[in-house]
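What follows is a single structure, written as structure tokens, with notes after it.
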Amino acid sequence: MPLFYGTEIRSRLLLGTARYSSPAVLAEAVRRSRTDVVTVSLRRETAGGRQGGAFFELIRELGVRVLPNTAGCHSVAEAVLTAKMARDVFETDWIKLEVIGHQDTLQPDVFGLVEGARILTGEGFEVFPYTTDDLVVAERLLEAGCKVLMPWCAPIGSAMGPQNMQGLRAMRAEFPDVPLIVDAGIGRPSHATTVMELGYDAVLLNTAVAGAADPAAMAEAFAMAIDAGYAAHGAGMLEPRDMAVPSTPVIGKAVFS
Amino acid sequence: MKLTINGEEHEVQAGTLAELLQQLEFEGDWLATAVNGELVQKAERADRRLQDSDRIEVLSPMQGG
């Protein structure tokens, strides 16, 4: 199982907790996914409000690790402050660092991302950066102290699946020893299988499960798909060929005319 | 004293951040606080003095992807 900053996790599926129709649906999806890590966020609380407390209690009851995010942050300062506030609440050094650079595509601001990663690493955080498949940015993130990389495969919530297979393949080849998690853009279990077949260590997804007609069943489907892709990568797959190759031996075949 | 709390202006009398939270019925060990863009850890709230025009953020856990 993959090691993230020295912590071994029990599942290659990391699951987001947003957009479920109810806390009960979320809880069942988490159980059926067999995930070990869920992502959470921080938002403004209302005076006298208990919403945050109820959600926090649910997460604690599920017995999973928490990966807080800086979702929605558009500047380094915002993201760094959100990370510090998340550490004070969730009592973990892990942070999924998002610095959003483009409103329509939610593409990360990779310049701010590198700067934020450097600041947070210096403050003892263990940064999981939401990035693109750009190899130079990846290199800078590693130089900034990241020991995990989380490239998108398509825009957040788009369900488009892998848009740049060559880019994902190149990233895996370039950083063979860095844990790589595909974060964002997965729509179907087959997408997850595809990136796992490339040798990725894990997949982080949310909308593909939360938005399904039956989120718990979809969570289980993703768990199986990710296991299948991982096993296939380890087993060594055939390369595609242009011509047919008979699977049944031709030697000893009867001649009737 | 005029304070901005989660983006809204409030007229309150509170010496410290801990007093302010109590006055406004922000309760629970799941809250995160910042004053003027700086984190104020749970343990520091009782010592964090407030001044007129301070900007305060009170956040709590929420669903996230």
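Placement of Cβ uses the backbone N, Cα and C atoms for every residue, glycine included.
For the domain 'Thiazole synthase ThiG' (A:5-249), the mean pLDDT of the prediction comes to 96. Among the features that TrEMBL reports, domain 'Thiazole synthase ThiG' is placed at A:5-249.
Per TrEMBL, active site, schiff-base intermediate with DXP is recorded for A:K96. Residue environment of A:K96 (active site, schiff-base intermediate with DXP) contains 28 other Cβ atoms, counted within 10 Å of its Cβ in all protein chains.
A:N206 (1-deoxy-D-xylulose 5-phosphate binding site) counts 24 other C-beta atoms within 10 Å of its own C-beta, drawing on all protein chains shown. Annotation note: A:N206 (1-deoxy-D-xylulose 5-phosphate binding site) sits in a coil segment as assigned by DSSP. TrEMBL lists A:G157, A:A184, A:G185, A:N206, A:T207 with the feature 1-deoxy-D-xylulose 5-phosphate binding site.
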Intrachain C-beta neighbours of A:T207 (1-deoxy-D-xylulose 5-phosphate binding site), sequence separation six or more, cut-off 8 angstroms: A:G16, A:A18, A:R19, A:I156, A:G157, A:A159
Site with most surrounding Cβ atoms, counting all protein chains shown within 10 Å, from the binding-site residues A:G157, A:G185: A:G185
Sites among the binding-site residues A:G185, A:N206, A:T207 close to chain B [C-beta, under 8 Å]: A:N206, A:T207
All-chain count of other Cβ atoms within 10 Å of A:A184 (1-deoxy-D-xylulose 5-phosphate binding site): 26
